[in-house]
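A.B. asks: Quick one: the structure is below, questions incoming.
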Amino acid sequence: MSKETFQRNKPHINIGTIGHVDHGKTTLTAAITRALSGDGLADFRDYSSIDNTPEEKARGITINASHVEYETANRHYAHVDCPGHADYVKNMITGAAQMDGAILVVSATDGAMPQTKEHILLARQVGVPYIVVFLNKIDMISEEDAELVDLVEMELVELLEEKGYKGCPIIRGSALKALEGDAAYIEKVRELMQAVDDNIPTPEREIDKPFLMPIEDVFSISGRGTVVTGRIERGIVKVSDKVQLVGLRDTKETIVTGVEMFRKELPEGRAGENVGLLLRGIGKNDVERGMVVCLPNSVKPHTQFKCAVYVLQKEEGGRHKPFFTGYRPQFFFRTTDVTGVVTLPEGIEMVMPGDNVEFEVQLISPVALEEGMRFAIREGGRTIGAGTISKIIA
């Protein structure tokens, strides 16, 4: 049996290292590749190759992030590591690398620090479902200070539980020692990856979720009816399925009478495919770009929500001035821009470029929204921020 086919059959998981600056996130990422390269499951990547991160763009925002690939016996992992705190905030909020779980790296010598707390909160707001903790720099702790590590652990458990992360496994080790080849500490990194394998479940594949397709374009075919086109976000749609058109106007129900791809008729369309759907009894003026076609009652139109937002700095092409309650930019969801009115939380007078903030939005027309969904904030055609819906209000 060739190795290639074996690799493709492993479930794929996206994870990332999060935590306070200088607690050892990048060193740990390198140490994981070192530990697994011994089993032929990873190519060893040294610190500088990960730290020298390429720039990428997500929703118009530049993010520095390194993507490292490796495998355990059971899974294939794509691991994201960011150099700066602002890059983490942007990466998590824009969903540039959507995480199925995260490894929270905490230095045993410092314990939980401000960014540790901020990353845990951010992970909760953007819907990172599971966290495994690596208590790093254990080699720096003297025997008489050993009890301090227990206190650090207790504080971490409390912090995590407060944000809804219960029963997170905590592995103690030293990323640097593992990277230097110390066998006992390499074993600790393996233990960490075993905990990741065991505690971060394989996510449901997009294909198994309820059907949804954002509409990009609408046109009529004489004698046949109205066709809507787009890329299927999730699920499967078959000819003669009942579907709903949701967003921007009143929800309508219809039946799919044809599925086409590259002008060929298909029995079904699947997640990830670009298709045209022929809809029964729907006029060209009944439907528009920005609505979604979906499994009936799987998504509802909403106008009001709470969100976690990163506001671009001036240098990133963002605003030059702060904004206040009553600010009315465009919110870009999937394929549509809708104007919304911002209400800042009590005690926050204004939002400055570069801030990471939570606020409420009231849209002027209803859109098919879900918690955890990403969006861009635009003003005059340029992106000035990005966000994730943390809670739907109405």
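Placed from the backbone N, Cα and C atoms, the Cβ positions cover glycine too.
Annotations per Swiss-Prot:
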- 10-204: domain 'tr-type G' (DOMAIN)
- 19-26: region 'G1' (REGION)
- 19-26, 81-85, 136-139: GTP binding site (BINDING)
- T26: Mg(2+) binding site (BINDING)
- 60-64: region 'G2' (REGION)
- 81-84: region 'G3' (REGION)
- 136-139: region 'G4' (REGION)
A.B. asks: Which one of these stretches, 19-26, 60-64, 81-84, has the most C-beta pairs shorter than 8 Å to the region 'G4' (136-139)?
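C.D. replies: Against the region 'G4' (136-139), the leading stretch is 19-26.
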A.B. asks: Restricting to the region 'G4' (136-139), report the mean pLDDT as a whole number.
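C.D. replies: So the average pLDDT across the region 'G4' (136-139) works out to 98.
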A.B. asks: Can you grab the distance from the residue listed as 'Mg(2+) binding site' over to I138 (GTP binding site)? Cα atoms, rounded to a whole Å.
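C.D. replies: Per the Cα atoms, the residue listed as 'Mg(2+) binding site' and I138 (GTP binding site) stand 16 Å apart.
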A.B. asks: Can you check which residue among the binding-site residues K25, H85 has the largest number of Cβ atoms within 10 Å of its own?
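C.D. replies: Selected residue: K25.
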A.B. asks: Take the region 'G1' (19-26) and find every residue of the same chain, 6 or more past its ends, with a Cβ under 8 Å from one of its Cβ atoms.
C.D. replies: 47, 50-51, 66, 81, 83-85, 104-107, 110, 112-116, 119, 136-137, 175-176
A.B. asks: Could you tell me what the rest of the chain brings near the region 'G2' (60-64), counting residues at least six beyond its ends with Cβ under 8 Å?
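C.D. replies: Those are 53-54, 82-84, 87, 90-91, 94, 96, 310, 312, 316-317, 376, 382-383, 386, in sequence order.
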A.B. asks: Tell me which residues of the chain lie with their Cβ under 8 angstroms from that of D22 (GTP binding site), as long as they are six or more apart in sequence?
C.D. replies: S107
A.B. asks: Can you count the other CB atoms that lie within 10 A of the CB of I138 (GTP binding site)?
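C.D. replies: Excluding its own Cβ, the number within 10 Å is 20.
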